[in-house]
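Note sheet for the following structure.
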Amino acid sequence: MFTPSAKDLWKTYNQFPQPTPLLTRIKQDCYEYPECSQQDFFAHQPGENNNLNAAGPPDSVAARREANRLQQRRRLANESPEKRAARLEAQRIQQHLRLASESPEQRASRLQALRERQRYRLAHETPNQRASRLTALRERQRIRLASETPDQRAKRLEALRERQRFRLANETPEERAKRLEALRIRQRQRIANESAEQRAMRLADLRHRQRIRLANESPEKRASRLEALRLRQQQRLASESPEQRAARLMAARIRQQQRLANESKEERAARFAGIKRRRRMSCSTQSSACPSLSVYVPRKPLPPLLRSPPPAPPPTPFHTPPSPNHAAKQAFRRTG
């Protein structure tokens, strides 16, 4: 039976992290579980009761947990590398066995509790903790990616693509709009902060990927892409203002002049060949007579024609009206 100085004993056990008797540890564990503390598991005789189910001090559980944590920290700080490796290996084996034998309900509840704890931890972390966590995460990811094999890389990328497809297929319109807006903001920030070399490399890589994509597309994909491009262009042209139209045409003329001024002889010959080929194809579909295919196409555009008519040519002697004497002589000859 407990003596009247039980509170002093509790203080002694909770104040110093020393080994605790078995019954006291069982009693302390029982405080955490209501179904255990409500039953008298440890009554030995009908008339004998060790008062194990009596309520202890309010701070006993917190003090005991803190003492256990301190004791565990000391033990882990003083263990040798061999003991540490053996302990971690035993923990991994126990975890594998526990995960292999759990039911689907246990797995779902475990993952749900894990997500809740992670959400709570991330919501209450400080900026310094967040920065150190992200730095450690990036370092671990860099080490893992640098040491993976080609097969592991292929499997990882395939699993990543599968998760991305599943996430995109199940997202709501609001989530899609929010994701695209965040993507546009990140892209604008990245483009605004890139250097000239990074911009050149990005554009070269973009052109290379576009050439590969266009070279590998099927006729159906090409037709659908061109049709969508035409529809977007028609919508854009139909909704533009007169100022936008004038600016677009001016930019197109400037680009065309620069392209024509910088083209080589081979590019010029290929351009003329394309013009003749298109004329020949258009003539094969028309019933009227086609113009000659050997029409010269000037390298630079001609100057615009004058709107006023050209001046009349100067008078010549053949256009001078006859004199009156000459007209009278001609009439006399005809009548005489």
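Yeah, the Cβs are placed from backbone N, Cα and C, and that goes for glycine too.
Annotated features in TrEMBL:
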- 63-112: domain 'STPR' (DOMAIN)
- 152-225: domain 'STPR' (DOMAIN)
- 277-336: region 'Disordered' (REGION)
- 282-291: compositional bias 'Polar residues' (COMPBIAS)
- 300-324: compositional bias 'Pro residues' (COMPBIAS)
*May I have the DSSP-based helix, strand and coil counts for the residues of the domain 'STPR' (152-225)?*
66 helix, 0 strand, 8 coil
*Where does the mean pLDDT land for the domain 'STPR' (152-225)?*
93
